[in-house]
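A short write-up of the structure that comes next.
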Amino acid sequence: MNQKDFIVKHHRQSVVAAVLWPLLIVLSLWIVYWVEIKFRFNFTSFGVYPREVKGLFGIMASPFLHSGINHLYKNSIPVLVLTASLFYFYKDIAWKTLVYGLIFSGLLTWLIGRSSYHIGASGMVYFLASFLFFKGLRSKNYRLIALSLIVVFLYGSLVWGTMPGKPGISWEGHLSGFITGLVFSFILKSQHFSSLPSPDKPKPTPEKEDEFLRQFDEQGNFRPLDPEAEDSSGYSQNSTAEDEDQVTYKSDS
């Protein structure tokens, strides 16, 4: 497989992952909410309840639970955008990142949260935004740095949600997601974009072998070469001192 085919295949696989999995994740959030409304269930008790054993189950379940349609809608769009970015730019560690983020942000919420049920995917939104931002800043890849700037532009105001504010808002879950994303941006390593081959670059032609450049002297003046003046050693009377040193060295050896 040549370089061009490899890059095209790499891009196609990333696009498929960035479209398919985020859509399925968001769809699962809506299915859970539909089941809750359709059959008149109340899943709030499956959320994270801090420092209670019964609340540990909510570490995995709480991101799929929402208090209402407005709550679900506000989380769906950023989840879709941020998971799509994760699967495109960090496809090789995307699932690992999501699982670790889910577990550790939920666990931190369980440790520091108020004594009430914490539900919603906003903790994962904060985790993903934090992870993508700090991971991109630490990279040396212009694509990932650009992604960090886009995340700041779109979701930079989220930082205010990590502080105590409106009642009923789990700022502890937001803060837990933000801290977890920051930590795992240092821990998890991705080789997704570094696996791409570098573009082929033409090798520069040495100045002494370039017929056109040889017609300029050291001051940049154009002095056409006289083919009859060139000797059999392959360099002209207009050769530089560096060329002469190289030829002298060869003849002495």
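Every residue number used here counts from 1 along the chain in the order it is shown.
In case you wondered, yes, glycine gets a Cβ from its N, Cα and C as well.
Quick look at what TrEMBL annotates:
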type     : residues : note
TRANSMEM : 15-35    : transmembrane segment
DOMAIN   : 57-189   : domain 'Peptidase S54 rhomboid'
TRANSMEM : 72-90    : transmembrane segment
TRANSMEM : 97-113   : transmembrane segment
TRANSMEM : 119-137  : transmembrane segment
TRANSMEM : 144-163  : transmembrane segment
TRANSMEM : 169-188  : transmembrane segment
REGION   : 194-213  : region 'Disordered'
COMPBIAS : 200-213  : compositional bias 'Basic and acidic residues'
REGION   : 221-253  : region 'Disordered'
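With a cut-off of 8 Å between Cβ atoms, the residues of this chain six or more beyond the transmembrane segment (72-90) that come close are 14-15, 17-19, 21-23, 25-26, 29-30, 33, 66, 97-98, 120-122, 124-125, 128-129, 131-132, 135, 143-144, 147, 151, 154-155, 190, 192-193.
Listed as Cβ neighbours of the transmembrane segment (15-35) (distance under 8 Å, sequence separation of 6 or more from its ends, same chain) are residues 41, 43, 63-66, 69, 72, 75-76, 79-80, 83-85, 87-88, 91, 94, 121. In terms of DSSP helix, strand and coil, the domain 'Peptidase S54 rhomboid' (57-189) has 106 helix, 1 strand, 26 coil.
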